[in-house]
Amino acid sequence: MSDSTHHSQFAENSQSCAPAVSVSNLHMSYGSFEVLKGIDAEAAEGSVTSIIGASGSGKSTFLRCMNLLEQPKEGRLEIAGETVEFAYSDKGRPVPVCKQVTRNLRTRVSMVFQQFNLWPHFTVLGNVTEVPIHIQGVSRKEAIERAEYYLEKVGMSDKRDQYPAYLSGGQQQRVAIARALATEPDVMLFDEPTSALDPELVGEVLNVIRSLAEDGRTMLLVTHEMRFAREVSNQILFLHQGQIEESGTPEDVFENPSSERCQQFLSSIIH
Amino acid sequence: MDFSWIHDPFYQSYFWQGFVNTLMLVAISGFFGFILAVLNALAQVKGPRPLAWLAKGYTTVIRGTPLLVQLFFFYDGIGRLLPMIDGIRQSIIWPLLTNAFFFGCLTFTVSVGAYAGEVIRGAMASVPKRELETAKAFGMSSWKILWRIWLPRAIQICLPTLTGEIILLLKSVPLVSTIAVVDLLRAANIVRSETFLVYEPLLLVAGIYVALTVVLTWVMHTIEKNFPGAKPQKSALFSRL
């Protein structure tokens, strides 16, 4: 009884507040250096948001705030059903977010890293089943089924018993994507997923990400692949010096950028 | 060269006893020393400050004093002080406390705990931070990160160095001949004192040690090769003798 009530409430909620991610007035500093100076953004359920900008503009930091790898000192984050309000102490240090909230949030927001970061002492299958078995409490059998499903999806089934050291960068990144998928997250974060790859390996990873976009997964993507961002995204955020300088649909941002900095950035990258 | 004594069952039994004691000393103090080393490294890397200092101090003292001095300290020092405790002679552990072999194991365990502890601590520091951060990003608790990722990776990184440590341990064993444990050197000394042959029994001891080292190196190398996630490598069987 209570279960069904809860469920209907949840359904109502997800209809009334459509954004899967909502960020307001996010501030983040490294010591006295302010990296993010008040970010407001939203991402709808099932949408792809690409975050672009020059290096040092704060885009990776912004993404890392989404699963609290960096702790903002001010602002509000709503993601995967969790709401976190950030505050800072008298000494100017961020007040740590409650451990339970952090853990809940992190098990539902999964991340793909620039350097893949597979655990070298686990096989491909071990990497993909690690989080479901040891953090989410899924049975080994179900975790392996899940892993097989997602490894198939990224085209890495035949390497399930290999160790990461034996795989190419592109293959490692595809396994890392399967690992992120196997946690069945509400939101996926990609932190420059192709920047560490040799040019000929970029395509295979982008193809996998593209197929996820077509599946309607909520994704936030920091990338330098402008053509790809334009093609798969529903929304583009252009960051400059810790602020969102330009945002909108890919057409708006890439064809009619209103900000001068965004125009400069795009022309420097594309031409 | 006169090896005729080798056929004497009396000397054979001494050498056999010395051989068994040597293996037992290495196995026992290698095992418990490794556990102590892991605890030592954990205390230094993750422990509360007083515990970290204690572990650091222990490591510094043990690494800063000769093993032979430690052996005498435990056997002649502590071993002689203990009987002053009331009632200890009647306790169950008394036979252990009068046993030189026990003090040999104790000293070597403490020594391995310090040396290998420092090796493991260094290896923990060299595990790439991003592997641990990834575990954190997926919601792993810090203890789970330690047991599932950090420690296994550290052991993987320092296994070749630990091989060196265990071979050094093997070759420290003759020190116990000074505290009345029958090891291989002790057996050789008995032969020498009764037959006045100096080199022949020592040659046998040297031969046995070389053989043991080769075997131990091969065992450790096999473990290294089969450790989960080990990179393919060339044969290094004789590279660490």
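Yeah, the Cβs are placed from backbone N, Cα and C, and that goes for glycine too.
Bear in mind that TrEMBL entries carry predicted annotations, made automatically and left uncurated.
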TrEMBL annotation (transmembrane segment) - matching range among B:51-73, B:143-165: B:51-73
Maximum Cβ pairs under 8 Å to the transmembrane segment (B:93-116) - stretch from the list B:14-39, B:51-73, B:202-223: B:14-39
Chain residues outside the transmembrane segment (B:51-73) and at least six past its termini with a C-beta under 8 angstroms from it: 40, 43-45, 103-104, 107, 110-111, 113-115, 117-118, 172, 175-176, 178-179
